Structure formats: C-alpha cells, structure tokens
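According to TrEMBL, the protein carries these features:
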{"type": "ACT_SITE", "residues": "GLU19", "note": "active site, proton acceptor"}
{"type": "BINDING", "residues": "GLY50, GLY51, SER52, THR53, GLN54", "note": "ATP binding site"}
Amino acid sequence: MKLGGISKNSISIMDGTDEGIFSWFTVNFLLERFNTHNPGSTVAALDLGGGSTQVTFSPNSIQEKGLDGHTYSVNIFSHNMSVYTHSYLGMGLMAARKEILTNGMNLDSVNPKDTIEVRSECVNPIVSTEWSYGGFNYIIKGPVNATHKLVKTQNFAGGEVDRPIVNFPECSKIIEKYVSKIKNKPEGLKDHEIYAFSYYFDRATEVGLVDPFSGGVIQVNAFQKQARDACDYPNTDQPFICLDLTFIYVLLRDGFGLEPNTKLYLYKKINGHELSWALGAAFNIIQNGF
C-alpha cells in the first residue's frame with residue numbers, strides 16, 4: 001500500500017450503519033426521490049446480506065418517536081434528513097441458515113477440521129449435502145424421522161405417490177424462535193414503499209416470483225406460498241430453498257412487522273445501476289472529501 005501511494009486511511013471495513021445509509025441513498029437517488037426532501041417521498045431499503053440485514057428509511061416526526069434510536073441526521077444535497085438504519089447482525093441469510101440448521105446443537109468443542117453432521121427439520125429427508133460456513137464444514141441431512149405426504153400422480157393411470165417433505169410447521173417454529181431475537185421492530189417501515197434487494201431478490205428470482213432481469217413487485221405472503229411449495233417438493237439441486245424462503249417470510253412478518261399483503265419492490269438494478277452501497281459511498285466521498 002505504501003509503495004502504491006495509498007493512505008492507510010483509504011481502506012477500512014464498512015460498518016452496518018454506513019452500509020444501510022449508503023444503500024438507501026442509492027435506491028432513492030436512482031428513483032429521483034430526493035427532489036422535495038420530504039421523508040414521505042422517499043422509499044425504504046431492505047438489504048439482506050449473508051451475515052446481517054439492514055433496514056433503512058426516513059421516518060417522519062411521529063414515526064421517529066416510536067423507534068429505538070438508530071436515527072441519524074444525514075446531509076442530502078445540502079438538506080439534513082432524519083434517517084433510521086438498523087443492521088441486524090446474525091439475521092443475514094447465511095448466518096441465520098447456520099443457526100437454524102444447528103438448532104439445539106452445542107458446537108463449542110467442535111474441531112474446525114472435523115466435518116459436522118447436522119440433521120435438520122428444515123431440510124428434505126432425501127437431502128445429504130456438504131456446506132461450509134464460518135470456518136466449519138457440515139454434512140447437512142434431513143431428519144431421521146421423515147415426514148411424508150400422499151400426492152396425486154400426474155400420469156394417466158392416476159393414483160398417489162408417497163413423497164418425502166419438510167415438516168413446514170416444525171421448521172417454521174424453529175425459524176420463528178430464532179427471529180424472535182429481534183426485540184425492536186422498525187416502527188413506521190410498513191408506511192413506506194419498500195425496495196428489497198440482495199438475497200431477497202436472488203431467492204425470489206430462483207423460484208420465479210420476479211424476472212431476474214427486470215425485477216417486479218410482489219406481496220410479502222408470496223414468499224410464504226413459495227416456501228410451502230418448496231418444502232413440499234424434494235429438491236436436491238436447491239437443498240436449502242425451503243429454509244431460505246421460510247426464513248425470509250418470517251423475518252419480514254415477525255422481525256419487521258410487515259403485513260402479508262405489504263408490497264415489496266424487488267430489483268437488482270434501477271436504470272441500469274445496481275442496487276448496493278457503492279453509489280451512496282461514492283456520493284459521500286465526493287460530498288465530504290477523501
């Protein structure tokens with residue numbers, strides 16, 4: 001770095017607060033929502049990462065009173081706006097997946113060099129797959145006592161087939177218990193248009209909820225419907241899709257207090273620009289100097 005003329009202050013790890021605010025700026029800038037500097041004209045940004053998830057929006061004065069802090073004064077084009085942002089560590093998709101899969105297990109004495117066998121209610125009984133996270137290697141399998149469902153066959157002969165499925169109610173209980181760690185819901189979030197991206201968008205496209213190129217608008221309960229369908233179908237190509245979709249739905253419903261019919265705007269790009277913290281960070285550097 002020194003040889004390249006790079007200052008030691010030029011590189012740092014971005015914290016969740018900055019990531020949330022920068023992502024929120026990116027979305028609203030691309031949507032041209034800063035023209036009036038009115039909180040009601042801006043949208044909320046939900047960013048689901050691997051280790052954490054960020055919720056960011058500009059509350060009005062009434063909404064701000066019901067929030068648990070985490071509110072910042074942000075200078076946007078020479079106007080100060082109140083912005084709420086909360087980074088929920090451990091509620092990212094990969095971090096949550098690990099905790100849900102290993103529910104009830106004590107991993108304190110496990111050697112990182114060992115492969116850990118995990119049996120989970122949130123995985124189909126036919127699944128046996130390798131997965132790595134946080135320096136540990138896992139063999140993920142479904143429960144020993146499998147759940148089955150009689151399903152009508154699609155051939156001309158008719159009849160039924162005994163299909164192994166995920167026990168959706170039991171899986172949901174585990175996930176609901178984990179998400180219940182969120183004690184302070186982001187009050188006022190549901191009063192805004194909500195743009196969701198990163199893993200929200202990725203999982204939605206994988207099950208056909210929105211187009212992978214143009215994105216789209218869905219309701220929160222669409223994640224639940226797709227989760228139920230995924231949990232009822234043995235899919236070794238997507239062994240965690242049931243768990244992931246169920247977690248996303250429970251996070252939105254229980255963690256963030258959204259109604260099942262709340263609209264979600266799911267996009268990867270707006271006007272050709274990717275939704276992430278990068279544009280917001282660039283604006284911050286230009287405005288405040290290097």
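Here the Cβ of each residue, glycine as well, is placed from N, Cα and C on the backbone.
Automated prediction, rather than curation, is the source of TrEMBL annotations.
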Report summary line: For the binding-site residues listed (GLY50, GLY51), most other Cβ atoms within 10 Å of the Cβ sits at GLY51
Query raised in the report: In DSSP terms, helix, strand or coil for GLY51 (ATP binding site)?
Result: coil
Query raised in the report: 10 Å Cβ neighbour count around SER52 (ATP binding site)?
Result: 20
Report summary line: Whole-number Å distance separating the Cα atoms of GLY50 (ATP binding site) and GLU19 (active site, proton acceptor) is 13
Report summary line: GLU19 (active site, proton acceptor) falls, by DSSP collapsed to helix, strand or coil, into helix
Report task. Run through the Cβ atoms and count how many others sit within 10 Å of the one on GLU19 (active site, proton acceptor). Result -> 21
**Report entry** Number of Cβ atoms other than its own within 10 Å, given for THR53 (ATP binding site)
**Finding:** 30
Query - Distance from GLU19 (active site, proton acceptor) back to GLY51 (ATP binding site), taken between C-alpha atoms, in Å - result: 13
Requested in this report: Quick one: give me the count of other CB atoms within 10 A of the CB of GLN54 (ATP binding site).
Outcome: 26
